[in-house]
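For Gly46, Asn53, Leu426, the entry in TrEMBL reads Na(+) binding site. The feature transmembrane segment is assigned by TrEMBL to 40-58, 70-91, 112-140, 192-212, 221-241, 270-291, 303-324, 414-435.
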Amino acid sequence: MRLVLPNPGLDLRIPNHEDLDRMEKEEAGDRLKWDNKAQYILTCVGFCIGLGNVWRFPYLCQSHGGGAFLIPYLILLVLEGMPLLLLEFAIGQRLRKGSVGVWRSISPYLTGIGIASMLVSLLVALYYNTLIAWIMWYFFNSFQSPLPWTQCPLNENGTGFVPECQESSTVDYFFYRVTLNSTASIADSGGIHWPIVVCLVAAWSVICLCYMRGIGTSGKAVYVTAILPYVVLAIFLVRGLTLKGALNGVKFLFTPDVDELLQASTWLDAGAQVFYAFSIAWGGLISFSSYNPVHNNCMQDAVMLTAVTGMTSIFAATVTYTIIGFRATEKFDNCVSQNIVTMINAFDLHEDNITTSNYEAAYNRLNSSYPDIVLGLDIKTCDMHTFLSEGVEGTGLAFIVFAEAITKMPGSPFWSVLFFFMLLCLGISTLFGNIEGVVVPLRDLNVFPKKWPQEAVTGIHCVYLKPFSCATQVDWIP
C-alpha cells in the first residue's frame, strides 16, 4: 500500500520494496555493483579521508586551543554529520541514482539542486587535481639527495646564492618560485607553467586509468589508495615520536583550552570541518550508495564511516603534531642559541659559561646585575608555546612545514618520497568521489547516450585541456 504524500506524484516516483526488488533484477546487467562490501566502505573512507585531514584539521586544532577543538568536532560529527550522512546513503540506495536523479525523483522542480551539486564536484575536482599535480612535482623531486628545497640555488654568475631565497627560506623559495613561479599580483596571470602542466597531465592520466570503468576499476584501486595512507601515517607516527620535542606537540594537541569552548567560532569551524570531511551535498556519496543492494544496512555504514572519520582525524592530527613539536623545538633551540651567542659576545664570556641548560639562570643573573646592558641587547623572546601556536593552514603545512621538517631528518629523501606518496593516495581516493559526483548526474541528465561505454564517458570528463587554467603562474589556491 502506497503512502499519500503532500508532493503530488511523489508516491509514484519513490519505489516501494517490491519495486526495488524488481528494479534490482532488471538492472542486474546494466548498472554497476560493488564486488564486495569492503570495496564500498574503503571507497567511502577514501573519499572522506582526504588532504584536509592532514593539513586543515590540525590547523583548526592549533587555532582553537588544541584539544578544545576535538570536543565540539566529535559532538557535531555525531549530531550533525552522521544524520546527514545517513540521509545521503539512504536516498542514493533507495532511488539508485545520482544527485540529479534523486532530486528529480523528489520533485522535478528540484533538479537544479542536483545540478548545483554536480557543478560543485566539478570545481572541486579541478581544485583537487591541481593539488595532486603539485604533490606529484614534489614526489618526483624527492628522488634526489640532497632534496632540492634543502639549499638555495646559485645566482646566474655562480658567485653566490639567489638573494630572494636568502631573504626568505629554502622551502618557501622552492614552493613559491620553483614550483608555482607565482606572479606578484593576481591581476597578472603570467604564462603557462609547463612543469605543472606535465604533472597535471600525469595526474589526470592516473585518475582516468584508475576510474576507466567506474567503480569496476576504482573499487580495486582503493585497496591501495585508501589503506596505504594508514600504513604511512603509522610509520610517520613511530618516526615522529623519536624526534626531539615531538611530545611537546602531542601534549599541545591534547591539552584543551577550555575558554575556546565558549567561542562561537570554535563551534562554527567544527561544524564546517564536519561538512568538509563528509563532502555533504557534493553528490559523491549518493552515487556510491546507489550501487549497493537495495536491502543493504545503510545505517550501519553511516555509523562505521563516522567512527572511522573521527578516529582518523585525531590519528592524523597526532602524527602532524609530532612534526609540529619537532619543528617548534628546533626553533626554540635556535632562538636560545642566538641569545646565548649575543650575551657571550656582549659580556666577553667563555663559551662554556652559558649553555642551553643554564640559559634561564644566566639570563636572570645578568639581567639583575647589568639591566641597562641587557636591555640594549637584541635578545629574542623564546617561548615554546608561541612556536607551537604558529598556525600554518592548507598547502603551507604540507609543502612548507612538513617539507622543512623532513630536511632535518636523517635519510630525508626516503621520508619525502613516503610522505608525498601518501598525499598522492589521499588525493586520488578523494577525487574518485568528485568524479563520481559528476559522471553519474551527467548520465541522469542523458547528456551522454546510454550506449556509450563507461570508458568513453570517463575519458571525456578527464580531458586534459580543462585543468590548464590551473597551471598558470597565479597562486590562487590557499
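Using N, Cα and C of the backbone, Cβ positions are placed for all residues, glycine too.
Structure with TrEMBL features highlighted.
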{"residue": "Gly46", "record": "Na(+) binding site", "Cβ neighbours (10 Å)": "26"}
{"residue": "Asn53", "record": "Na(+) binding site", "Cβ neighbours (10 Å)": "25"}
{"residue": "Leu426", "record": "Na(+) binding site", "Cβ neighbours (10 Å)": "27"}
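Other residues of the chain with a Cβ within 8 Å of the Cβ centroid of Gly46, Asn53, Leu426, the Na(+) site, are Val45, Cys48, Ile49, Gly50, Leu51, Val54, Ala226, Pro229, Thr312, Cys425, Gly427, Ser429, Thr430. Here the listed stretches are 112-140, 192-212, 221-241, 270-291, 414-435, and the one with the most C-beta pairs under 8 angstroms to the transmembrane segment (40-58) is 414-435. Proximity of the transmembrane segment (112-140) to the transmembrane segment (221-241) is not established, fewer than 3 Cβ-Cβ distances being under 8 Å for residue pairs spaced 6 or more apart.
Segment contact holds for the transmembrane segment (221-241) and the transmembrane segment (414-435), given three or more CB pairs below 8 angstroms at sequence separation of 6 or more.
Ranked by number of Cβ pairs under 8 Å to the transmembrane segment (192-212), the listed stretches 70-91, 270-291, 414-435 are led by 414-435. Tertiary neighbourhood of the transmembrane segment (414-435): same-chain residues 43, 46-47, 49-51, 53-54, 121-122, 124-125, 128-129, 131-132, 135-136, 138-139, 142-143, 147, 206-207, 210-211, 218, 221-222, 224-226, 228-229, 232-233, 235-236, 239, 279, 282, 284-285, 287-288, 398, 402-403, 406, 458, 461-462, selected by CB-CB distance under 8 Å and a gap of 6+ residues from either end.
Mapped onto three states, the DSSP output places Gly46 (Na(+) binding site) in helix.
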